[in-house]
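See below for the structure under consideration.
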Amino acid sequence: MDLDTITSISTPMGEGAIGIVRLSGPQAVEIADKLYKGKHLLNDVPSHTINYGHIIDPESKEVIEEVMVSVLRAPKTFTREDIIEINCHGGILTINRVLELTMTYGARMAEPGEFTKRAFLNGRIDLSQAEAVMDFIRSKTDRASKVAMNQIEGRLSDLIKKQRQSILEILAQVEVNIDYPEYDDVEDATTEFLLEQSKEIKQEINRLLDTGAQGKIMREGLSTVIVGKPNVGKSSMLNNLIQDNKAIVTEVAGTTRDVLEEYVNVRGVPLRLVDTAGIRETEDIVEKIGVERSRKALSQADLILFVLNNNEALTQEDYTLYEVVKNEDVIVIVNKMDLEQNIDINEVKDMIGDTPLIQTSMLKQEGIDELEIQIRDLFFGGEVQNQDMTYVSNSRHISLLKQARQTIQDAIDAAESGVPMDMVQIDLTRTWEILGEIIGETASDELIDQLFSQFCLGK
């Protein structure tokens, strides 16, 4: 890989207590020393130390910033290269001036994800661990961050490497069979060993895939849409679940004119809550846009919370809306139980059949616990799995595991049908390659570049 030194701001832009400019590469310390004035040259201080001083413009001699500089020497760093982290006061102006000086004196602006890419290319982490870094940064709940951290620590990598090693052992036995075809006992032993080991590999792949649905929910959140006719209490429900007044709650029907979205942790289940504009015919241009977005959100939802008003009898609009959502995963909520009951609960039950029904009062915060328990039960069978398990949460990994399951099954079918071993070998080798794509050992350069381009600058 390139031996140049890269630089970037690694903290969010804007006002804050601290902003960090990070450098990585063989000239990181040398470049920093051209700008830094402190008690000692950075080149002379021990690794993994923080040093007080100032950043000086070498040309004008102007003091740019008062800083603390971290010196981290290869190979015991994230990138396995020399790393310098210049800790500045937070703010846009001075941190950009420091960044510009690092580039003026020899560093190149890092591409998105390039620090993590170097960690991968230098063997510090594999591809699945690199992807988990972004999952960790983007995680919205404690459980999601724990699942990502397990992957960063190599839990998934270790399992994949173990299965690939098992395939290599099978291939070695197959090679013996190909080299000595005249020995029937060798062929019989090879077939027996191949089938036994291949079925174990398939079983492990299936076990990982079984975690995929829950893993994806933990990674991305359960897309949960709150739907109902206007003014049934959808926004109040959103506010109670997120305990934040983001949605506008008024007595005027139709005041939610956009799709409002929040993440919330409901009894260990990360929900991506979406409050929609009421779905109805309207001549208002702005409201029409909100309704269209609501329909799109419904089509992409994992769970729908269908809200009815206890204070009003069922209307044709309620029936029409329920027809739209009834074939999805739905929980029906009769809200405003604090008001006079004008809805016929038996009529509601006739309409929804076996769909779960919860009665709530968002004003008095009644029924919220029952709703949260129902959400958990619907998707996790009443028990959220241990977060220390190895989950597969990445869509790319799930797709590759499905491909590997198919190719290992092809090898099993071929062996059981008496297909020549050199043909079985093709399916086994392909399985080994597919699993290698998960951890990056057989991934193409184009795929690697594409994955890291999705990272943020400075990471």
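Note: Cβ is positioned from N, Cα and C throughout, glycine not excepted.
Annotation comment: Swiss-Prot describes Arg22, Glu85, Arg124, Lys459 as (6S)-5-formyl-5,6,7,8-tetrahydrofolate binding site, evidence class sequence analysis. A simple way to gauge crowding: the CB of Arg22 ((6S)-5-formyl-5,6,7,8-tetrahydrofolate binding site) has 25 other CB atoms within 10 angstroms, across all the protein chains here.
Taken from Swiss-Prot, the feature domain 'TrmE-type G' applies to 221-380.
Here Swiss-Prot flags Asn231, Thr250, Val252, Thr255 as K(+) binding site.
DSSP assigns Asn231 (K(+) binding site) to coil in the three-state reduction, placing it in neither a helix nor a strand. Annotation source Swiss-Prot lists GTP binding site at 231-236, 250-256, 275-278.
Neighbour density for Ser235 (Mg(2+) binding site): within 10 A of its CB lie 21 other CB atoms from the protein chains shown. Summarising the annotation, Swiss-Prot assigns Mg(2+) binding site to Ser235, Thr256 and lists sequence analysis as the type of evidence.
Cβ-based neighbour count (10 Å, all protein chains) for Asn231 (K(+) binding site) stands at 20. In this structure the alpha carbons, written CA, of Glu85 ((6S)-5-formyl-5,6,7,8-tetrahydrofolate binding site) and Lys234 (GTP binding site) are 47 Å apart. Comparing local CB density within 10 A for the binding-site residues Arg124, Lys234, the maximum falls on Lys234. The closest partner of Arg22 ((6S)-5-formyl-5,6,7,8-tetrahydrofolate binding site) among the binding-site residues, by CA position, is Ser235; the full candidate set was Asn231, Lys234, Ser235. For the recorded site, Glu85 ((6S)-5-formyl-5,6,7,8-tetrahydrofolate binding site), the DSSP three-state label reads strand. Cα of Arg124 ((6S)-5-formyl-5,6,7,8-tetrahydrofolate binding site) to Cα of Lys234 (GTP binding site): a distance of 48 Å. Averaged over the domain 'TrmE-type G' (221-380), the predicted model reaches a pLDDT of 76.
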